[in-house]
Each structure stands twice: as C-alpha cells, then as structure tokens.
C-alpha cells in the first residue's frame with residue numbers, strides 16, 4: 001500500500017472548486033433561469049462507453065456510505081479497486097483492512113487534505129470514480145472526474161444549485177463521460193416490480209405519483225466531529241425546502257418516463273414550521289452547546305407538488321425530524337389502479353386476481369410471482385446475501401458494472417440526476433416566494449421528447 005499526498009495536478013481547477021462550493025451555494029435563492037443554455041457538446045442520452053473487460057475503480061470518500069460501496073464492490077466480478085481517498089485515517093484503515101480481508105490487491109491511498117482527491121484523478125489506470133462525500137463536494141468532484149477522462153458515479157444529491165446542475169450536464173456532454181447519480185432506491189425489489197407492472201400496463205395510463213423521504217434522523221445531530229451528522233445538520237440552518245428529494249422521486253420519475261417522453265414542468269412548495277430540531281437540541285444537549293446556538297430554519301415537513309408537461313402530478317415530501325415510521329410513499333396511480341408502499345399494497349380494477357379495487361390487496365407474493373423484475377429474478381438471492389438497504393445497493397452496483405462491461409447505456413443519466421436533484425433548490429425558491437410556482441430547467445434541451453423510455457432491463 002502506498003500513501004501519497006497531494007501533487008496538485010489540477011491547479012487550474014482550484015478556482016472552479018472554490019466557486020462551486022461557496023458562491024453557488026450562497027446564490028441558490030437567485031431567480032431560476034429556465035431557458036436552455038447553448039449546447040457546447042453532444043447529448044449523452046443513451047451514451048454507451050467502450051466496453052471494459054475489467055472496470056478499474058477509484059473511491060473518493062470511504063466513510064459511512066463510501067465504505068458500504070467498498071464492501072459491495074469486493075463482491076463484484078470484473079472490477080479492480082485501484083485507489084481510495086479520504087481525509088480521515090481511521091476510515092482509510094478500515095477500508096484497507098476490509099479489502100485485504102477479501103484477498104484483493106491493496107489500493108493506493110490518497111490523503112492529506114481536502115484536495116488530495118486530485119491526485120487520485122491524475123492517474124491513468126482508473127475508469128470510474130465513486131464519490132461519497134459531503135453534499136457540497138459532489139458537483140466539483142464530479143466535474144473534475146469527467147475532466148480527467150473518467151466516468152463519475154456520485155452519491156445523492158448530485159448538486160446544490162441550478163448552476164451546478166448545468167455545469168455538470170455541460171461537462172458530461174463536452175467530455176462524453178457518464179455522470180450517474182447513484183439513486184439506489186430505483187433498484188429496490190418493490191420499485192423494479194412496479195416499474196415492470198407500469199410497463200405492462202397494469203395500472204393503465206399514469207396520472208399521479210407520491211414520493212417522500214420520511215426518515216427520523218435527529219440522532220445524527222449527536223455526530224459532532226465526524227460522520228454524516230457533523231455536516232448534514234447544518235443544512236437545516238441554511239435552506240428551507242426539500243433537502244433530499246431523490247430517494248422517493250427517482251422511482252416515480254422512471255415510472256412516468258421523465259426525460260424520456262415527459263418531463264417536469266413546474267413546482268410549488270411549502271414548509272411547516274421548523275420546531276423539532278431546536279426542541280431536540282434543547283432536550284439532548286447542554287444549554288451552552290453549539291447545537292443549541294444554531295437557528296434551524298428548514299421546515300420539519302416540506303411538501304412539494306410537481307406538474308409534468310403531460311399534465312401528471314407528483315407530490316414529494318421531506319421529513320427527517322418528526323417522530324414517525326420510515327416511508328418513501330412510492331405511490332403510483334393510473335386509470336386502472338394504484339400501487340402504494342409502506343406497507344406495500346395494490347388495488348386495480350381489472351386484473352387484480354379477483355379482488356375488489358375498493359379494498360387493498362396486501363398479499364404481495366402473487367404479484368412478485370407474476371411481475372418480479374428480471375434483475376431481481378437473476379441476482380436477488382445474491383443481493384439479499386450481500387445486503388445494502390435490503391439488496392438494492394448491490395443490484396445497483398452490479399447493474400452499473402454490467403453495463404460498463406457489456407457496452408450498454410446506464411439506467412440513469414446526467415439528465416435524471418440534475419432533474420431529480422434540482423428539486424432541492426427549486427423547492428427553496430418556491431417556499432421563499434409564498435409557494436409561487438417555479439419552472440424546471442430542461443436539462444435535456446428538448447431531447448426528452450424523442451428519448452426512448454427505460455425498458456425492463458435484464459442481464
């Protein structure tokens with residue numbers, strides 16, 4: 001194992017990084033420009049990278065989420081873990097030890113400061129980079145990854161401003177490199193089964209969807225020096241909107257063929273009072289603790305409504321503060337029936353195994369028997385063994401590598417990443433303007449009208 005500190009191979013990118021992390025975030029409430037920007041490259045809809053016999057992987061960030069990816073990649077065939085980068089020695093040591101335990105060659109380690117990742121990007125023996133860092137680093141790291149000739153795979157959300165979204169789209173088109181936001185929920189067994197059912201017309205013509213990220217995470221406020229809560233807590237003091245829209249919205253978007261025959265048109269959003277985090281801090285921390293000095297402005301519950309160009313509606317909710325069970329809603333309503341998640345249930349007028357649509361059908365097994373997605377039929381057992389949010393993480397990474405090794409287009413592209421992530425910014429703009437509607441940028445520049453829907457991908 002080699003420990004290599006910065007060589008600053010991308011000196012010119014320093015100004016870009018600084019601008020993205022500071023100026024763009026503070027400008028997030030500025031008026032949204034909806035006119036498509038002049039295209040400087042070629043559309044990457046359906047982009048197919050040259051086949052790779054072996055996919056050589058670099059990891060930026062191997063903390064909580066990043067280490068999970070390292071674990072999953074160790075179970076995949078046709079990959080080499082070439083390098084890892086992090087600023088915390090403890091998580092580096094953990095990742096290195098795990099890779100050794102799996103009898104894989106030791107990766108080169110990059111550390112030293114926040115820009116050490118550039119040394120990893122300077123290598124010419126890495127094909128893809130997995131980015132699992134605090135949110136404000138996602139956009140600059142993705143851009144620099146593509147500029148260095150590598151494909152970028154980024155944790156959610158992709159970006160934090162409209163301008164960042166455009167910069168990432170433009171870079172992908174100019175470099176002809178993939179930039180996939182790793183929305184793992186799209187690979188859940190239920191979500192892929194519903195996608196299969198939608199494609200087979202079980203629910204009829206689609207009308208409405210409901211998506212959410214309802215996940216009580218106040219406990220993360222106790223992560224002070226390291227881990228997710230050490231930085232994520234502060235976003236509740238900076239922005240009032242839907243901070244984390246993609247887990248629920250990603251699957252619903254694929255059901256509705258967003259960016260592939262339909263697209264988001266406009267959004268309206270409103271937030272409840274921001275009370276829960278201050279109350280939690282008062283209860284769990286000393287009066288003079290920093291957590292009690294913060295002003296929490298993000299509403300405990302944010303609700304946004306999206307209208308698509310075809311007239312469909314989507315409700316999107318965010319709540320990581322109130323005490324209630326986890327949910328992503330995952331509801332899709334069509335002219336013949338509905339699927340709703342948490343708990344899973346179905347009601348259809350025709351083709352419902354004889355059950356009336358006036359009552360929920362909670363017995364999922366017969367639906368799985370008929371509509372289970374081919375990916376889960378093939379690797380479901382392996383996914384359940386290897387874990388990762390019930391197996392969805394493994395299926396996502398397996399599918400990514402399969403596409404790269406077999407010359408297939410990825411299931412999610414940069415336009416999906418930008419469209420799903422930009423809800424973060426647009427919801428804030430709407431909330432701050434008495435819930436007036438905000439228009440979505442068309443990141444595809446009109447190409448959505450002719451793009452083919454995502455099929456029932458196999459393997």
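Using the three backbone atoms N, Cα and C, a Cβ is placed for every residue, glycine included.
Under the heading signal peptide, Swiss-Prot lists 1-31, citing sequence analysis as support.
Taken from Swiss-Prot, the feature NAD(+) binding site applies to 64, 65, 86, 135, 136, 137, 138, 155, 156, 184, 244. Around residue 138 (NAD(+) binding site), taking its Cβ as the centre, 28 other Cβ atoms fall within 10 Å, counting all chains.
Residue 213 (substrate binding site) falls within a strand segment according to DSSP. What Swiss-Prot records for 213, 232, 244, 245, 246, 247, 326 is substrate binding site, and it gives similarity to another entry as the kind of evidence.
Comparing residue 213 (substrate binding site) with residue 86 (NAD(+) binding site), their Cα atoms are 28 Å apart once rounded. Look at the binding-site residues 232, 247 and count other Cβ atoms within 10 Å of each Cβ; 232 has the fewest. Look at the binding-site residues 213, 326 and count other Cβ atoms within 10 Å of each Cβ; 326 has the fewest. For the binding-site residues 86, 136, 156, a Cα to Cα distance of within 10 angstroms from residue 247 (substrate binding site) holds for 156.
Ranking the binding-site residues 232, 246, 326 by Cα distance from residue 64 (NAD(+) binding site) puts 232 first. In the structure shown, across all protein chains, 86 is the one of the binding-site residues 86, 136 with the greatest number of other Cβ atoms within 10 Å. Distance between Cα atoms for residue 138 (NAD(+) binding site) and residue 326 (substrate binding site): 26 Å, as a whole number.
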